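Copied from Swiss-Prot, the annotated features are:
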BINDING   Q163, K339, R368, S369, K390  (2R)-2-phosphoglycerate binding site
ACT_SITE  E205  active site, proton donor
BINDING   D242, E287, D314  Mg(2+) binding site
ACT_SITE  K339  active site, proton acceptor
Amino acid sequence: MSSIVEIHGREVIDSRGNPTVEVDVYTEDGGFGRAAVPSGASTGSREAVELRDGDKSRFLGKGVRKAVDAVNTVLAEVVLGMEVADQKGIDAAMIALDGTHNKSRLGANAILGISMAVAKAAADECDLPLYRYLGGTNTSLLPVPMMNIINGGAHADNNVDIQEFMIMPVAATSCTEAIRMGAEVFHSLKKVLKSKGLNTAVGDEGGFAPNLGSNEEALKVIVEAIEAAGYKPGEDIKLALDCASSEFYNKETGNYDLTGEGRVLTKQELVAFYEDLVAKYPIISIEDGFDESDWDGWKLMTEALGNKIQLVGDDLFVTNSKILAEGISKGIANSILVKVNQIGTLTETFEAVEMAQRAGYTAVISHRSGETEDATIADIAVALNAGQIKTGSMSRSDRIAKYNQLIRIEEELGGMARFEGMKVFYNLR
């Protein structure tokens, strides 16, 4: 394969109206790759650093000209002339140039933009779809979608503490059918909310953001919507939560302030709260049930629920192999959420997923609340045979872009395509 001859970064706009980095990579044999970098709202403190300008006169300080300049100057100088197929070498060279543990000098948004665009250019030069280039010939597993249909927490302006209430169409026979089932429940939920006089405006990730009386009320209306769409809750469709509990954790007291419900819970009480929800509703997965720093709380939760449901570490692990290794050794959680911009290169992303899978942890490939039309994560989910993807609701084109790419991939794979439904939770008893 040929070498990289041109790299160009630019500032574009994400789904929240904030700037982000987009990178184009060209090879000497005509390969081309373009990638846009996502951005999170609720972020883990140990995530790789997203470089913002801080100039209040542009985009309220959120401009990314510094990161774009890094792409077009110092990073380009290192990467130009390198073999486009040398993903590990390119990523390692950029990490070394940055020289920090969290990519804070040049910005994870700059480094990731190049990392993803390089992979796309290499795939283009090989005349292969990205999932096949990254995953090889055995790539065939389509993911079960986690579809965020009610938004709360940092993703919405309402009184619901839990950030995401999701559905997982586990009884579907294909990813395309799962997407259809999710769309039907989404439209059914809109009718249910309207019938109750509730708001049907959507949050950052396309889910509805109604003012509900409690977190449990959100689960009740979702179950009602599933039934109204003609499906059986718990049999056809499971529920999943992203609590994003760092957003309601009180570091001074060590307690969890569910302000929407007017309750303050200790670690033990929060575990009991989750156990009660799991007993009452067909919940198969809980993400970030405890704060990223509250490993004692995570241990309590894993001991109580780790054999029954998927316990996903997002802010807990931040797609970082070193932190994940510590979690595995301590028996914390049983799944990792994978966000490419938390770590900043494709190489490190793949390393984290491979480590998780070797340890019997599941991996959920995820979007961020600030997204673009870039659908790279759909290809990554298939390339890694991850079996699960979390990429928002059935509205907003930045979310739909990923679902449509999965539909195309499944069609392209034809009879080779696999969709495993409940089997993706291979570590539950």
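In case you wondered, yes, glycine gets a Cβ from its N, Cα and C as well.
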* Compute the centroid of the Cβ atoms of D242, E287, D314, then list the same-chain residues not in that set whose Cβ lies within 8 Å of it, in sequence order, for the Mg(2+) site. => Q163, E164, L241, C243, A244, I286, D288, V312, G313, D315, L337, S366, K390
* What is the biggest Cα to Cα gap, in Å, among Q163, K339, R368, S369, K390, the residues listed as binding (2R)-2-phosphoglycerate? -> 17
* Rounded Cα separation (Å) that holds between S369 ((2R)-2-phosphoglycerate binding site) and E205 (active site, proton donor) -> 6
* To do: Run through the Cβ atoms and count how many others sit within 10 Å of the one on K390 ((2R)-2-phosphoglycerate binding site).
  => 29
* Asked: Where does K390 ((2R)-2-phosphoglycerate binding site) sit in DSSP terms: helix, strand, or coil?
  -> strand
* Asked: What is the total of other Cβ atoms whose distance to the Cβ of D314 (Mg(2+) binding site) is within 10 Å?
  -> 29
* Surrounding CB atoms that lie within 10 Å of the CB of Q163 ((2R)-2-phosphoglycerate binding site), all protein chains -> 30
* What does DSSP call D242 (Mg(2+) binding site) in the simple three-state scheme? -> strand
